[in-house]
Structures are given as structure tokens and as C-alpha cells.
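As given in TrEMBL:
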{"type": "COMPBIAS", "residues": "8-25", "note": "compositional bias 'Basic and acidic residues'"}
{"type": "COMPBIAS", "residues": "26-35", "note": "compositional bias 'Polar residues'"}
{"type": "REGION", "residues": "1-35", "note": "region 'Disordered'"}
{"type": "REPEAT", "residues": "210-251", "note": "repeat 'WD'"}
{"type": "REPEAT", "residues": "252-285", "note": "repeat 'WD'"}
{"type": "REPEAT", "residues": "299-333", "note": "repeat 'WD'"}
{"type": "REPEAT", "residues": "423-455", "note": "repeat 'WD'"}
Amino acid sequence: MGYAMSRLEIESSHSEDGNAIHEDSCSGQTKMSSKNLDDEIAQITKLKSRPHKQLVQVGTGRPELPVSPVKMLAGRESNYSGRGRFSSADRCHLLSRYLPVNGPWLIDQMSSRAYVSQFSADGSLFIAGFQGSHIRIYNVDRGWKVQKNILAKNLRWTITDTCLSPDQRYLVYASMSPIVHIVNAGSAETESLANVTEIHDGLDFSSNDYGGYSFGIFCAKFSKEGRELVAGSSDNSIYVYDLEANKLSLRILAHTSDVNTVCFADETSHLIYSGSDDSFCKVWDRRCLIAKDKPAGVLTGHLEGITFIDTRGDGRYFISNGKDQTIKLWDIRKMSSNVPSNPGYRSYEWDYRWMDYPPQAKDLTHPCDQSVATYRGHSVLRTLIRCYFSPAFSTGQKYIYTGSHNACVYIYDLVSGAQVATLKHHKSPVRDCSWHPFQTMLVSSSWDGDVVKWEFAGSGDRSATSAKRVWTRHFYDDYE
């Protein structure tokens, strides 16, 4: 993983606008994309955020232009679809135009670095983890009141990850230790002190078969049904923990370097995606692990280590953030069966923990890049910066967004690759950020200790606030 030992100065200038790049596999040639990705995911994204054809006729008459909100509402009242309501694509077409770029408004300010921050699946809770051992659960629906303040047990270096169970009853937190702790997030206690006010049970991920030596957990994620945890570690391995049996059920020696990020691909939990400092993304199918530690496929394209993976949830597409200063979009149908030999592209010494990315490396591309698209503009330095797809409900996953070392949050259009927004407030690296699953709201957390929210309407903007009420009434209470 790598981490800095002291507070760092941010870069004085911001990167140039991002763009999507199509790279021909094993050709060395790189070409800029046209207006839209020539790929299946581009068509899927359009369908998920394109209004009904009759609304287009009511509106501009030009499918490539957004339909007026007033005309969309008029068409709905005229029952253009025959169903008396908007479709999910209608909703996404309109809501995705209102990005959470206004603000920010301070939620909390701590004296230590914020490392992780995420909304719960229903958006009612928000969890933030800090290097100084505090994990806070905020009640979003009650004015961001701190519902639970957890003091981490046996913390090593920092909170590396937190994850809330699907039923929102339990929270797990990890650090540079093989013990992942689990806390009752739904209890009445506000102050959760380990073995004082509450028990923080320890889940031991060390395996006696491999010596039981110490290592760190970089990430930990619940399965969709909440019965398992998958984790990536500093001993190059993927672990799966069976919560019902209360024991480790699987260990895969997955990579040749730290496994910085891992997640279940979809709700079935059959597929696992992993990313490592060895620069490879790998796909693991638990139904057919015939050969020991052999993946179902390997995806090549990053030039440096991978800091985070986010799944689209369809068992096919995911994105990864890399220390080569790029986000890459992947289709697992393009994966290879074997790890390719090292092409020897790196002719420089570089450590992302304290060095800037070498200028001579910025234009390099992998000769066998299997990614669907590449997004540039943000910076991935000093820490394992995270990236995500925007919410399906309100945007149709039309965007991807990421934190950045230069203290900003970047939002890219998935299809065109355009950098559509840059959120500037923080004074230190933004390691994590989270888009509300239903509302047009984004929260960013930074090493400066600030946790702030961004929205599309400010409290002083009457027209935008009024519009927000309209969208809430027409879209959140009236959908398929």
C-alpha cells in the first residue's frame, strides 16, 4: 500500500481536464475517443438515462440534447407514456443533469486524517473513519447528528477500511492487522469504547495453514446478503470470512504484491475482483477454483499499482484507480487467462509515497492494454485514493468520480470521458468520497480532517431549492 509518515503539502496547480482514451490491445497505438465510447456499456448507459421517445418529441426534437424539465413534467401530466409516471430512464435523464457541485457545507472537522467515508445503502447513515482511531456514524435524516462514536480497538497506523452490513446492524473496521473488528452499529450506545461500553469482536483472518504471521488488511467488504466478508491484505492474499460459521473459509494467494482492493462483483458473491500493487486486476470465480490460486482471468493495462476497484454491480464491468494517475474501465469479457510477461516499460525509479509522478511516464501506455477506456486528470499519490460509479437510481451510473491527491474531487462523464466537475475545498489529499444513493449530494473527506457535503442547490438559492423540492416530489416518490 504505502503511506506517508507526516502531513504533506498539496500540489500547487490542478491537472488539466480529463479525457477518455481508447487503447488498442497489444498494439502500442493510442487514439482519442470520438464523442461517445464505441462500446456496449455506452449504449447501456444511454438507455438508462434517455427519456421516452415521445418526451423527446415533446421537447427539443433532437435526441442528443436534454429535454426541458418543464416539458418533461408537462408530458408526464399528459400521460405521454400511458403509465401516468416517469420511467427510471426519464428520472435519470433529468436528475443526472444536476450535479452536486454547490457548497461545501461542513459536516465535521477532526484533528486527524479522514481515510474512509461512505453512505449506507439507503442513504440514511454516513460513516467516516479517521487515523486517530475514531469512526463516526452520522444520522443523515436527523441533521447529521453523530449517532455513534466508535473508538477503534488495537488500531495499527490508521483505519484502513470500514463497511456497514446490508441490514445496517453491524459495522466492521480494519487496520494494519489480521484482526478485523465488528461492532453493533444499531445499539443504543452513542460512545462505543471497546470492552468498556461495548464489545468489539475480533474476526481473525490469519490462517494457520500459512503460519499465522502478522499482516495488514487494506479493505473489507460485506457480501450482498451479509453472510461473508472479503478482504485484501499486505501478504498478497484475498481472504473470505464466513460470519455465520465465525471462521475463515478461503484464502487465495492472489498476487505478487499487496492486494490493495477487493470486492464481490455482484449480489451473487460468486465473482471477486481484486487489484494489487503488481498492477494487475484479477477476476476470481469461486464456483470453479479448480487450480489453487489461479484466477478466472487477468486484466492488464495499468502501468503501476492499483489503489481501488468499484464494481458496476452487473458482474461484467468495473473501474479501477491506479498509481499511473488513471482510472480504467474494464469489461471482464476481455480478460486473459494468464498474466503477461513484463514488457519492461518502466525505466525510472519512483515511489508514490513521497515522489511526484515522473513526467516521462505520463504519456506511456501499456502495449497490451485490455481496458475499455482510460480517464485522466486527477492525481493518485501518497495514499490509496478511491473511485466510484455514480448512483444508478439518480444518474443511471452515467458518471464516475474520484478523490485526488491535489485536494479535489473529480467527476467524469463515463461515456464521453469529459471532466464535468471539479470540487475544490480541501487543503490535503481527498482519499475518499461518496455520492448519496438517491439524493443529489456528495460528501468528501480529506487528510485535512474535514468532512463536507456538496449539493446541486444551496440554501440561499431559492430557484434551485424550489426545483429540488419538485424533483423530490416527482421522482423519489414516483418511480418504477
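A Cβ is built for glycine as well, from the same backbone N, Cα and C atoms used for every other residue.
Keep in mind that TrEMBL annotations are predicted by a computer and have not been checked by a curator.
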| said: For the repeat 'WD' (299-333), I need the partner stretch with the highest count of C-beta pairs below 8 angstroms, choosing only from 210-251, 252-285, 423-455. | reply: 252-285
| message | For the repeat 'WD' (210-251), give me same-chain residues lying six or more residues beyond its boundaries with a C-beta closer than 8 angstroms to one of its C-beta atoms, as numbers and ranges. | response | 1, 156-157, 160-161, 163-167, 170, 172, 174-178, 180, 203-204, 257-264, 266-269, 272, 274-276, 284, 286, 308, 384
| said: Based on DSSP, tally up the residues of the repeat 'WD' (210-251) by helix, strand and coil. | reply: 1 helix, 23 strand, 18 coil
